[in-house]
Amino acid sequence: MASDSGDSNMDREMILADFQACTGIDNIAEAITLLELNNWDLVAAINGVIPQENGILQSDFTSEASQATMYGPPSRSEAAEAATTSEGPAPSSSSSSSSPPSSSASAFCPISPSSRHIVERQPRMINFKVDYRERSVELMLEESSTVGDIKGILQTELGIPASKMHLKGWKSGDVSDSTVLRSLHLPKNNSLYVLTPDIAPTASTSKNSALQDSLNQNFLLVISHREAQRDYNLNFPGSKTIQEVKRNISDLTNIPVRHQQWEGWPASASDDSMTLALSGISYPCHRLSVCRRSSPANAQEPTDECTDVHMISDSEGDDYEDASEFGVDDSEMFGMTSSSCRKSPMMPENSENEADALLYFTAEFSSRYGETHPMFYIGSLEAASQEAFYGKARDRKLLAIYLHNDDSVLSNVFCSQMMCADSIVSYLSQNFITWAWDVTKEANKARLLTMCTRHFGSVVTQTIRTYKTDQFPLLLIVMGKRTSNEVLNVIQGNTTVDELMMRLMGAMEIFTAQQQEDIKDEDEREARETVKREQDEAYRLSLEADRKKREAQEREEAEQVRLEQMRKEQEEEKEAIRLSLEQALPAEPDEESGEQISKLRIRTPSGEFLERRFLGSCKLQVLFDFVASKGFPFEEFKILTTFPRRNITQLDPGSTLLEAKLFPQETLFLEAKE
């Protein structure tokens, strides 16, 4: 039986090599997927990629047959050529795999780009079986369609609004409506199920609802690796298949799925494509053990396995999880070194800018493990520390430093099962600033140690140095303190979602207690500063009021001085006018002068009388000047007669006293003008 299995593997190796040579598909995973879709029927797979009627020309095979000596026997080339040109049905996979290989060259030769005649590939169709409660819908869509297109069809078939649908069962976790099916690397046949938590189930759907609930439950698998004497505590949702569990264990133990020997699976778990919810395992915890199955004597274990292929291949029961499945050295088989099969690096080596390196890391992390992952801080470690530690006390957070190492077998499971778990992603986003770095390359590791020494001290750097490669990835939880930063916890890759969450929550408890003290101190300091600011403001306002009062008093005194000066000047001016008028008055005539004399008696507002003789021929202006010379200017006072009352000041100053009828004598009085 071991000999038959070895012949079958060798035959599939030759089919894969011939298929890659004829189609020019360099990606091993894609080539295996296309062959699986055609049950490893070489001719059918070639015709599916390159249609026969206008695809591969006959001359291509004959002109370059001499270059194909390394790919297989001539008998296989003749059969394949005949099958390619014939119009009959393609041979079955059993006949193809059972024909013995020959030692001469195959006619399926590599085709150079200049001579390759390949038309555009036909669109690949993907089948879906979607379960909803007691109903099942089968769909077929092109791989260029989106998840939203599936929901649109289901909306018509099931009568459920697409907005209320939760489409589950994807191998890569939850996806968005805009996700293109091609990007998910789906097999030809897929099984999905629809959840509608907003729509209450009827009594007839209770059984199916229970199944849906079990698909959403998390199962804790305690898996003992007997050879390494080590236990792995892994959480898986009920929608995961047994095949996916075995592949994750392959990443952890380096035991390929085909070599794994299990104990502890229930008898009902007869099919690896069965989900954990339907496998009959115990909930919430189930114990299993695994070891390496003894290999035949002629089996050769490769020195370097291609770790990417099984991530894309179908989980429908095939045994080809990785390139080591073929039992020979990949570099000899496909004419390439094993490094060409490796994943692209998580972070470029010797990147000049830390932000650019983190952008590259985030993009690669999303490409490997999906868009659901912690939001990594894009920037230097110093900037991340400033963001986490040096804001207001209420806004501070813990700093989570994720250190990735691709050389560790734990990295893939830790990233996919822990870092991408919804609960972990949500908790980190709310309470942590998450910064990441890749230490796979020695240059990047040395750079990290330099940064840690500068920001956290040599103790943290020495701690990181003590961890071995198989203990990575690491998650360092750092808290900012008054004097220095403190590493609260170092979480290694060998953990579970529950344990990781508990340790994160424990770090948060310590941080919260410290944060409350910092908030109290900050509030007290701000209160003191507020009181001081208020006192300073009150003092400033008092000084300002005193200054304004002093300035107002100075202005008032200056105004008084000015008014007093004006008053003096006005008085001096009035006195000067009075004196000039007094000097300009004609002399008072004698009573015996023989001329007409007018005696005038003028009563002042104070009750005093002014008496003077004037010539009857004097002008009224002389009278006005006389009154003004006594301190009663014409502009401020008016001269009135007693009876009949007349205002003399309204008369023409050029008229004489005789004309004003102020002769021979008259009593007048002064009155201030209004």
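Positions of Cβ are set from backbone N, Cα and C atoms, glycine also.
Predicted automatically and left uncurated, TrEMBL annotations should be read as such.
Taken from TrEMBL, the feature region 'Disordered' applies to 65-109 (among others).
What TrEMBL lists as compositional bias 'Low complexity' is 72-109.
The domain 'Ubiquitin-like' annotation in TrEMBL covers 124-195.
Within the same chain, residues 392-394, 396, 482 sit at least 6 positions outside the region 'Disordered' (515-534) and bring their C-beta atoms closer than 8 Å to a C-beta of that stretch. The annotation region 'Disordered' is assigned in TrEMBL to 515-534 (among others).
Look at TrEMBL and you will find 525-534 tagged as compositional bias 'Basic and acidic residues'.
Secondary structure of the region 'Disordered' (543-569) per DSSP, as helix, strand and coil residue counts: 27 helix, 0 strand, 0 coil. Marked as region 'Disordered' by TrEMBL: 543-569 (among others).
According to TrEMBL, the feature domain 'UBX' maps to 593-670.
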Handout entry: Chain residues in Cβ proximity to the region 'Disordered' (543-569) (below 8 Å; excluding those fewer than six residues from its ends, i.e. six or more beyond)
Key = none
Exercise for the section: Restricting to the domain 'Ubiquitin-like' (124-195), report the mean pLDDT as a whole number. Expected result: 86
Completion exercise
Taking DSSP helix as H, G and I and strand as E and B, the domain 'UBX' (593-670) has 14 helix, 28 strand, 36 coil
